[in-house]
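Q: The domain 'BPL/LPL catalytic' annotation in TrEMBL covers 33-195. The feature substrate binding site is assigned by TrEMBL to ARG65, GLY66, GLY67, GLN68, THR69, THR70, PHE71, HIS72, ALA131, ILE132, GLY133, GLY144, PHE145, ALA146. Taken from TrEMBL, the feature site 'Lowers pKa of active site Cys' covers LYS128. The active site, acyl-thioester intermediate annotation in TrEMBL covers CYS162.
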Amino acid sequence: MESFVVPCIYLSQISYIKALNLQRFLVQSKLDSISSDFLLLLQHPPTYTTGRRDLNNNDNKETLRGGQTTFHGPGQLVGYPILNLRNFGLSVRNYVCAIEHVIIKTCETFNINAQTTEHTGVWIDNEKICAIGIHIQRFMTSHGFALNCNNDLSWFDHIIPCGLEDKKHTSLTKEILKQPPGKYEKYGNNITIGE
């Protein structure tokens, strides 16, 4: 898979609504040829969101992204690529596959064997570690991925995440703690993932 370098902006923790409005502004700027491609990385305070595919929409924050209901919160790394897919020669499917590939390679950094399945996102066995929900407008991307790093997974117990009743969630921290002691000596004694 070909590699691309995209500038990254880390915003720390901001509300979902502020991030949504920022994405709308940035996509419009790209449509007006004012801004370049880049990636927003951030965390949200605890928030449930609903994508276009959720047929049982309730009081969750509805978005234009694909997918169904999911959770965002502290300790989860959220990435919103604002890209013109034409600049990268990618179809929508290839773009989703590229996101999945980056997340799988990130998990490999921690000796975690992640993979894709027939369901969108990245999985470790029967547990999802990263949700993906995107929106494309005139080749411009928004929304993106949510990688569970060190977040409280009990928030997922209150919903049927992504409409998959028989699936669970995991995180980098949970998977690292399953591994034998001393596995991460090369990183020193302090591994911090999320907040």
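The backbone N, Cα and C atoms fix where each Cβ goes, and this holds for glycine too.
Worth saying up front: this structure is predicted, and the values here are computed from it rather than measured.
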Q: Cα of THR69 (substrate binding site) to Cα of LYS128 (site 'Lowers pKa of active site Cys'): how many Å, rounded?
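A: Given the Cα positions, THR69 (substrate binding site) is 14 Å from LYS128 (site 'Lowers pKa of active site Cys').
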Q: How far is it from PHE71 (substrate binding site) to LYS128 (site 'Lowers pKa of active site Cys'), counting Cα to Cα, in Å?
A: 12
Q: Specify the count of other C-beta atoms within 10 Å of the C-beta of LYS128 (site 'Lowers pKa of active site Cys').
A: 25
Q: What is the separation, in Å, between the Cα atoms of PHE145 (substrate binding site) and LYS128 (site 'Lowers pKa of active site Cys')?
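A: With the alpha carbons as reference points, the distance is 12 Å.
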Q: If you draw a 10 Å sphere around the Cβ of GLY133 (substrate binding site), how many other Cβ atoms fall inside it, taking every protein chain shown into account?
A: 23
Q: Would you count the other CB atoms within 10 A of the CB of THR69 (substrate binding site), including those on all shown protein chains?
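A: Excluding its own Cβ, the number within 10 Å is 23.
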Q: Just going by other Cβ atoms within 10 Å, which of the binding-site residues PHE71, PHE145 has the emptiest spot?
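A: Ranked by other Cβ atoms within 10 Å, the binding-site residues PHE71, PHE145 bottom out at PHE145.
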